[in-house]
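Novice: The structure's right below; bear with me while I get my questions together.
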């Protein structure tokens, strides 16, 4: 069978036949296509085939600026001398010619082809449905001839696979390009550029946009562009940014994920608690859980609240120490205290002034006011009350100079003897008796070994180190984990972790009596981070979510006892691990990363 075939000819989408137009003859068509091809292959950069050597560039740059300076100088002289501008000398004429030549060269150097692409884009880059239909018709003519009676197969479906642009390799020392996220589109892109350029302050995005999540997304992209560092691993979705506005965090760009584990059940005062612990330290939750198991098997622990009062200590100054002492006697007078309490209590329906403790340093007086704060941690509440008292005392002592509403005699977020001795927040003691059988089977150690280790480590060792409130094994580990999980202030872990752990053999040396005394646990169940969804869920797990309307302050006090009970469990387990020599092995198993941490940041 004589089947004629013809080779496929290149087709250019810029040539499409109209409905009433006849196809060109073969030789004319080939000629037309060759002309179209030549037209398409013309590069805009060929318009100015000027050499671009370094010496030539330097010559034309120098000529351009020199001639411009000369012509501007002559122009100023003509204006000053009232000489017509069209009257030019031979040197000025040469300067004008040199200027034109340098401008032409510089246009070619900086890419005249870039400008021409906008002119020729409509002809060379256009692609519509007519072009595609024309190509399909041309391809369909490459099959068997229909006049020979051959069945014409359906043209195969043309699938155009998108070609991914080649990814440039980036050296470890190169600065990566800022990531372009979904926030970088449309109006958001303009806002991002304005923030990067300093036209819009980053802190004002929430108020300007009215959308906290959108503001966080834009701020995150801005940080990536400014620093050149990727924030891909910092999550943005799945968080209510309106809930932290004006309360928890300013200028957010995302949130950090911390795993939460459960230790328990902790049998405390006859009730069982499942304790949430947010931590990245392996073995911590497992160790605390073992301590809870030992306490549960021995009948549970007992916790007693000793004191409950938040403090704030302003600093005031007088002209003489005598005047400072007079104010000290005034505020410590029981009769005057009633008046001060009435003024203080006006700040809140939960705030109740309990006592005032004063200290003098020369002519400076520090007044440590202590008050109950209900279910709130109470720093804002007590500060408002202190301000009311200062305003009242200012009328009684006009020469009193208020240095600051906080004089560090409080003492907040710092290890201080005044907190260790007088207490701050909730002062709690928690105890349990662990039977000999549990010590051996669950804790894998001996009672005598635990008592000796506690004396030499937690008591003598801490004294040798000059510890202040640190007569324990790792109370801050448990306090921090529970604080983060329940929305407390992590910085107040400093004084809240003040703890002395005591161990003693009882019942003829067979059983172990263990106790922890913590004088300054600062917690609350309302306000701050407690209203966030995750932290609120953890508080709900403990049964202390929100304020207790029937007995104000009872939820916060119960949370403090749970913290102390958890510390008791953690102390018991860690001391047992050290006593039996299990500490290193357990940490090598549960607290050692296997990932490669040598990779450079991107």
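Cβ atoms are placed via backbone N, Cα and C, with glycine included.
Annotations per Swiss-Prot:
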| type | residues | note |
| --- | --- | --- |
| ACT_SITE | 281 | active site, charge relay system |
| ACT_SITE | 413 | active site, charge relay system |
| ACT_SITE | 489 | active site, charge relay system |
| CARBOHYD | 124 | N-linked glycosylation site |
| CARBOHYD | 345 | N-linked glycosylation site |
| CARBOHYD | 458 | N-linked glycosylation site |
| CARBOHYD | 591 | N-linked glycosylation site |
| REGION | 116-187 | region 'Linker' |
| TRANSMEM | 44-67 | transmembrane segment |
| TRANSMEM | 95-115 | transmembrane segment |
Novice: Where does residue 281 (active site, charge relay system) sit in DSSP terms: helix, strand, or coil?
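Specialist: Note: residue 281 (active site, charge relay system) is coil by DSSP, not helix or strand.
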Novice: With every protein chain in view, what's the tally of Cβ atoms within 10 Å of the Cβ of residue 458 (N-linked glycosylation site), excluding that atom itself?
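Specialist: A 10 Å sphere around the Cβ of residue 458 (N-linked glycosylation site) contains 23 other Cβ atoms.
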Novice: Measure from the Cα of residue 489 (active site, charge relay system) to the Cα of every one of the recorded positions 281, 345, 413, 458, then give the nearest.
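Specialist: With Cα distances computed to residue 489 (active site, charge relay system), the winner among 281, 345, 413, 458 is 413.
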Novice: Quick one: pull the CA-CA distance for residue 413 (active site, charge relay system) versus residue 281 (active site, charge relay system), whole Å only.
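Specialist: Each residue's Cα considered, residue 413 (active site, charge relay system) and residue 281 (active site, charge relay system) end up 23 Å apart.
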Novice: Other than its own, how many Cβ atoms are within 10 Å of the Cβ belonging to residue 281 (active site, charge relay system)?
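Specialist: For residue 281 (active site, charge relay system), the 10 Å Cβ neighbour count is 15.
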Novice: Tell me the Cα distance separating residue 281 (active site, charge relay system) from residue 458 (N-linked glycosylation site), rounded to the nearest angstrom.
Specialist: 22
Novice: Mean pLDDT for the region 'Linker' (116-187), rounded to an integer?
Specialist: 46
Novice: How would DSSP class residue 345 (N-linked glycosylation site) in three states?
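Specialist: In three-state terms, residue 345 (N-linked glycosylation site) counts as helix.
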Novice: Between residue 281 (active site, charge relay system) and residue 345 (N-linked glycosylation site), what is the CA-CA distance rounded to a whole number of Å?
Specialist: 43
Novice: Long-range same-chain neighbours of residue 345 (N-linked glycosylation site), Cβ under 8 Å, sequence gap at least 6?
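Specialist: When sequence neighbours closer than 6 are ignored, residue 345 (N-linked glycosylation site) has 351, 352, 353, 385 within Cβ distance under 8 Å.
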